[in-house]
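These features come from TrEMBL:
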- R64, N168: substrate binding site (BINDING)
- 1-246: domain 'Aspartate/glutamate/uridylate kinase' (DOMAIN)
- K5: site 'Transition state stabilizer' (SITE)
- K229: site 'Transition state stabilizer' (SITE)
Amino acid sequence: MIVVKVGGSAGIDYDAVCADLAARWKAGEKLILVHGGSGETNRVAEALGHPPRFVTSPSGYTSRFTDRQTLEIFEMVYCGKINKGIVERLQRLGVNAVGLSGLDGRIFEGRHKDSVRAVENGKTKVLRGDHTGTVEKVNTGLIELLLGAGYLPVLTPPASSYEGVAINVDGDRAAAALAVALKAEALLLLSNVPGLLRDYPDEASLIRQIPADDVESYLEFAQDRMKKKVLGAAEAVAGGVKRVIFGDARAGQPITAALDGAGTVVS
Ligand code: ADP
């Protein structure tokens, strides 16, 4: 089993990802796709007059402050436009894909964090009314049912809280939890960069290899959202996934290239 997570940043070539996925699926490989949608969510939120608000925690992690209205816009884009766009591409390529969010069948479950600590203008504030959380549990029953019946699952945040409330969760870490739960051989985290760059945005500074027992020390090279990928990779390898690869989804055969060792390989 290979878990492929494709991000939502500008430049990602979903056609290339889907074509590569379809070819491998038809050759008999078991794969699951997890996707993001942050770039498009920002555009739609602006257009709807409810622009995104990003907050930085005291430890330096950036996340989207998700009030109820933001959550609804997030669902429109992630579960609607992006998810169905990917499912449609795969269906056109002859793959019987099924798109689900983490809420469906409680595939992704976790704790709802209603308040978040945010550093703004040098001061730490507590913001309430946040619909965010972290995936703590992956309920694989529905996924196994689908895979067993020949469907390719296409998954996306949000997750479900233990109380059944929709929560915005990080897609990279959700994919990592999924890869651990499914005992996947590999987790691919595909985005619009060649991999983890030592000196971002210099693409020539690509880090080719990260030892599995030392992932956290590479956090220092990752800024903002890239940190979540490094954290997800650390969680995946700690959970028994043999290889995590940060790969490029901007062109070509992104899945095949990553599995062949392009990008940053954590193993
Ligand atoms: P996605 O939505 O595609 O999953 P994210 O926006 O969450 O992607 O994270 C990828 C982004 O992280 C890149 O587009 C880049 O701007 C940023 N980034 C920060 N630091 C680094 C780094 N050291 N190497 C590569 N990308 C980095």
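Cβ coordinates come from backbone N, Cα and C, glycine included.
Note that the coordinates shown come from a computational prediction; the quantities given were computed from them, not determined experimentally.
In this structure, the CA atom of K229 (site 'Transition state stabilizer') is 10 Å away from the CA atom of K5 (site 'Transition state stabilizer'). Secondary structure at K229 (site 'Transition state stabilizer'), as computed by DSSP, is helix. Neighbour counts were taken as the number of other C-beta atoms within 10 angstroms of each residue's C-beta; across the recorded positions K5, R64, K229, the minimum falls on R64.
Comparing K5 (site 'Transition state stabilizer') with N168 (substrate binding site), their Cα atoms are 16 Å apart once rounded. The number of other Cβ atoms within 10 Å of the Cβ belonging to N168 (substrate binding site), over all protein chains shown, comes to 23.
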